[in-house]
Amino acid sequence: MSDVQVHQLYIHGRYVEATSGKTFNSINPANGEIIATLQQASEQDIEAAVKSAQQGQKIWAAMTAMERSRILRRAVDILRERNDELARLETLDTGKAYSETSTVDIVTGADVLEYYAGLATAIQGEQVPLRESSFFYTRREPLGVVAGIGAWNYPIQIALWKSAPALAAGNAMIFKPSETTPLTALKLAEIYTEAGLPDGVFNVVQGAGREIGQWLTEHPVIEKISFTGGVETGKKVMASAAGSTLKEVTMELGGKSPLIICEDADLNRAADIAVMANFFSSGQVCTNGTRVFVPKSLLVDFEKAVVERVKRIRIGDPMAEDTNFGPLTSFPHMEKVLSFIESGKQQGAKVLIGGGRATEGELAKGAYVLPTVFSDCTDQMAIVQEEIFGPVMSILSYETEEEVIQRANDTTFGLAAGVVTQDISRAHRIIHQIEAGICWINTWGESPAEMPVGGYKQSGVGRENGLTTLGHYTRIKSIQVELGDYQSIF
């Protein structure tokens with residue numbers, strides 16, 4: 001324990017001692033070892049972060065959009081220079097394969113920051129003539145101080161997805177990372193400061209989600225909450241935000257997304273997409289296509305093709321370059337996923353491959369769950385209805401297009417969906433009837449910076465990324481101007 005570094009809070013451009021006197025540990029899920037100890041924020045610390053953010057935001061908003069853009073672009077350059085270093089830290093903290101964190105997590109997060117840095121100068125109002133002597137114009141003004149609450153599966157990417165549009169629009173952000181994977185958010189704060197961000201514009205306060213989340217959502221100064229996490233927690237955050245000061249919210253919540261394989265689909269492509277849609281990042285992706293609908297005529301061949309591909313997955317030490325499937329992010333989460341797998345077995349689903357914990361050699365020390373594929377699934381099974389957030393694919397057979405659309409939509413979730421077919425008319429026809437906010441045709445999973453992402457139904461409120469999100473971090477002020485005489489009726 002003496003070699004374990006203790007991390008403080010990051011407030012006003014520097015590390016500061018938390019006042020709670022409490023700490024918690026970050027655990028490497030590949031072997032169960034403690035990799036860091038973190039101080040936990042108190043309500044007093046949240047107040048300090050808010051005051052700091054208020055001060056920094058005034059300075060930040062007073063800068064020209066071009067000045068803000070240049071600072072954010074510097075942060076992008078630093079992120080890319082330190083890609084490998086940040087990726088190694090992300091792998092230690094999350095258990096995700098380094099082959100993934102080094103090519104996806106930091107890269108795509110930096111892409112989003114670069115995108116919004118470029119848009120900072122594009123925030124503008126409009127001018128509308130009313131008559132010869134009068135017109136009105138609008139201003140898009142920053143909200144002020146906003147808060148981001150991150151999830152544990154994509155720590156630095158989520159921190160960037162939330163902070164990039166907020167900062168580009170002239171706001172300050174207080175960010176609370178997941179207590180399971182808090183380390184790279186602190187590194188991001190350092191990078192923002194190094195790039196020239198005024199002190200207080202990006203503060204990081206880590207600790208227990210229930211306490212800190214409540215303090216942030218109820219704080220009267222904070223104007224918006226952007227939350228990524230589970231549905232039930234999201235409902236509480238939204239209720240708290242509305243019940244305190246009618247805060248604006250963005251909610252990126254859970255999913256149980258359908259992947260529809262059509263009868264004319266290329267079998268190899270369909271199997272490749274299904275495996276990526278379920279086992280990338282060890283299955284810990286909110287948009288995973290965990291309900292795979294397959295025509296009965298293709299079922300046997302499709303299952304065989306999927307199993308062949310799952311056998312090629314390389315499970316191992318996440319720091320090893322050839323590993324493409326690491327442990328789950330925490331041991332408690334591993335137990336939750338294993339309980340779902342047992343539920344699937346008990347409810348009559350057939351295990352085609354996997355079906356338990358990986359215990360061979362060094363894997364026994366980590367939170368490893370074997371990539372698992374269930375067949376003979378029904379819509380009523382828990383593994384089909386509930387978000388597992390792990391490497392568990394459920395294959396369901398269907399007969400008609402009308403049937404599969406109805407069943408795909410028969411869920412309280414609506415985050416993502418996909419269709420695999422060689423008939424482009426069919427692809428659009430099906431997708432247009434699917435109740436989901438992010439859809440893919442003949443591919444899966446890519447979320448470029450330019451594309452708005454978010455869910456229907458209980459999968460979320462609002463969007464992240466894309467041009468539309470920038471507007472969500474501003475408010476519109478309307479100003480009418482009268483150049484002529486003013487006539488009173490009194």
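Sequential numbering from 1, following the chain as shown.
Positions of Cβ are set from backbone N, Cα and C atoms, glycine also.
Features of the protein shown, as given by Swiss-Prot:
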type	residues	note
BINDING	Ser26, Ile27, Asp93	K(+) 1 binding site
BINDING	Gly150, Ala151, Trp152, Lys176, Pro177, Ser178, Glu179, Gly230, Val231, Glu232, Thr233, Gly254, Cys286, Glu387	NAD(+) binding site
ACT_SITE	Lys162	active site, charge relay system
BINDING	Leu246, Lys457, Gly460	K(+) 2 binding site
SITE	Glu248	site 'Seems to be a necessary countercharge to the potassium cations'
ACT_SITE	Glu252	active site, proton acceptor
ACT_SITE	Cys286	active site, nucleophile
MOD_RES	Cys286	cysteine sulfenic acid (-SOH)
ACT_SITE	Glu464	active site, charge relay system
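Taking the features listed in Swiss-Prot, we show where each one sits on the structure.
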{"residue": "Ser26", "record": "K(+) 1 binding site", "Cβ neighbours (10 Å)": "22"}
{"residue": "Ile27", "record": "K(+) 1 binding site", "Cβ neighbours (10 Å)": "21"}
{"residue": "Asp93", "record": "K(+) 1 binding site", "Cβ neighbours (10 Å)": "26"}
{"residue": "Gly150", "record": "NAD(+) binding site", "Cβ neighbours (10 Å)": "29"}
{"residue": "Lys162", "record": "active site, charge relay system", "Cβ neighbours (10 Å)": "26"}
{"residue": "Pro177", "record": "NAD(+) binding site", "Cβ neighbours (10 Å)": "28"}
{"residue": "Glu179", "record": "NAD(+) binding site", "Cβ neighbours (10 Å)": "17"}
{"residue": "Thr233", "record": "NAD(+) binding site", "Cβ neighbours (10 Å)": "19"}
{"residue": "Lys457", "record": "K(+) 2 binding site", "Cβ neighbours (10 Å)": "17"}
{"residue": "Gly460", "record": "K(+) 2 binding site", "Cβ neighbours (10 Å)": "28"}
List of residues, in chain order, with Cβ under 8 A from that of Val231 (NAD(+) binding site) and at least 6 apart: Leu253, Gly254, Glu387, Thr412, Phe413, Gln458, Ser459
CB within-chain contacts under 8 A for Glu252 (active site, proton acceptor), separation at least 6: Ser226, Phe227, Thr228, Gly229, Cys286, Val453, Gly454, Gly455, Gly460, Glu464
Residue from Ile27, Asp93, Lys162, Leu246, Lys457 whose C-alpha is spatially nearest that of Thr233 (NAD(+) binding site), among the recorded positions: Lys457
Cα-Cα distance linking Pro177 (NAD(+) binding site) and Ser26 (K(+) 1 binding site), given in Å to the nearest integer: 12
Alpha-carbon distance [Glu248 (site 'Seems to be a necessary countercharge to the potassium cations'); Gly150 (NAD(+) binding site)] in Å: 17
By Cα-Cα distance, the member of recorded positions Ile27, Lys162, Leu246, Glu248 nearest Pro177 (NAD(+) binding site): Lys162
Recorded NAD(+) site residues Gly150, Ala151, Trp152, Lys176, Pro177, Ser178, Glu179, Gly230, Val231, Glu232, Thr233, Gly254, Cys286, Glu387, farthest C-alpha pair in Å: 23
Other CB atoms, at most 10 A from the CB of Glu464 (active site, charge relay system): 23
Minimum Cα separation from Glu179 (NAD(+) binding site), reported as the residue among recorded positions Asp93, Lys162, Leu246, Glu248, Lys457 that achieves it: Asp93
Residue among recorded positions Ile27, Asp93, Lys162 with Cα closest to the Cα of Leu246 (K(+) 2 binding site): Lys162
Distance [Cα-Cα, Å, rounded] between Ile27 (K(+) 1 binding site) and Lys457 (K(+) 2 binding site): 34
Residue among the binding-site residues Leu246, Cys286 whose Cβ has the most other Cβ atoms within 10 Å: Cys286
Candidate with the highest Cβ count within 10 Å, taken from the recorded positions Trp152, Glu248: Trp152
Environment of Ser26, Ile27, Asp93, the listed K(+) 1 site - residues of the same chain whose CB lies within 8 A of the CB centroid: Asn25, Asn28, Pro29, Ile34, Ile35, Ala36, Leu92, Thr94, Thr180, Thr181, Pro182, Leu183
